[in-house]
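Step one of this worksheet: look at the structure below.
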Amino acid sequence: MNDPGERNSPAPEELPFAAPCRKLRASAPFGWLRLGWADLRAAARQSLCYGAVMLLLSYSITAATWLFGNIGLYLGLVSGFVFVGPWLALTLYSISRRLEAGRRVSLARSMGDAATAVGNALVFAVILTVVFLVWARAATMVHVFFPPTEDPSWSDLAPFLAVGTAVGAVFSAFVFAASAFSLPMLMDRRTDTVTAIVTSVNAVLRNKGAMAVWAAIIVSCVLIGAATAWLAFVVLLPLIGHATWHAYRATIDAGQWPALE
């Protein structure tokens, strides 16, 4: 499944610290969605199966939090989802990768492909968990800006809302930049997690316009999912997963790294 123009794989010490990236137009994400939709239609049964799994996970986290109202349980469930999510994403990337190469697609094959990259994906999940815990700690510290009055006005709440929004934006931007292309690269190439994350952050920083559009599309899909009681996630999450694979293929030039067979 090597690229047609892929060069002989250099020794690890000869590889760059990050894979180079291409310059993207701001409209590029809409092309990724179109290709992702084509993959979803070509492998509808497999894709929607994973979408249903994600829906059940979303319902489980929501129901447990609603019934028990325990922040510790909520954090534990979300942390667990952070570990399961990358593996589910890898299965969707595998489907798109196989369709791209003209190979057969099945649930068993996609899970087998994901298993070959799951080690690095778990390292990525650990990093995300640490970021998530630091984020949660920062969120509790933001409460020092909450006004002490019983019925605060909007002007009283302004500092709290401003600081909370700024903190959330910083963490969200980091997670988005680190995850935009890293997992597809781990599915496609024999590389390490740090290289994949650095590659992803570099590509996002060099394509701010296109990635801002892509982030807006993802946020819109999440809002649509929330508005439909998560039901739309059955289709939207696989669509985003397949589109992310095509985003990686269009953006990252990882031909110097050996392909993950």
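Quick reminder: no glycine exception, Cβ is built from N, Cα and C everywhere.
Keep in mind that TrEMBL annotations are predicted by a computer and have not been checked by a curator.
According to TrEMBL, the transmembrane segment annotation covers 48-68 (among others).
What TrEMBL lists as transmembrane segment is 74-93 (among others).
As annotated by TrEMBL, transmembrane segment applies to 114-137 (among others).
Long-range Cβ contacts of the transmembrane segment (157-181) within its own chain (Cβ-Cβ under 8 Å, at least 6 residues beyond either end) map to 124, 127-128, 131, 134-135, 138-139, 142-143, 145-147, 196-197, 199-201, 203-205, 211, 214-215, 218, 244, 247-248, 251-252. Per TrEMBL, the feature transmembrane segment maps to 157-181 (among others).
The transmembrane segment annotation in TrEMBL covers 212-240 (among others). Here the transmembrane segment (212-240) has Cβ contacts under 8 Å with residues 26-30, 32-33, 36-37, 40, 47-48, 50-52, 54-55, 58-59, 62, 92, 176, 180, 247 of the same chain, all six or more residues outside its ends.
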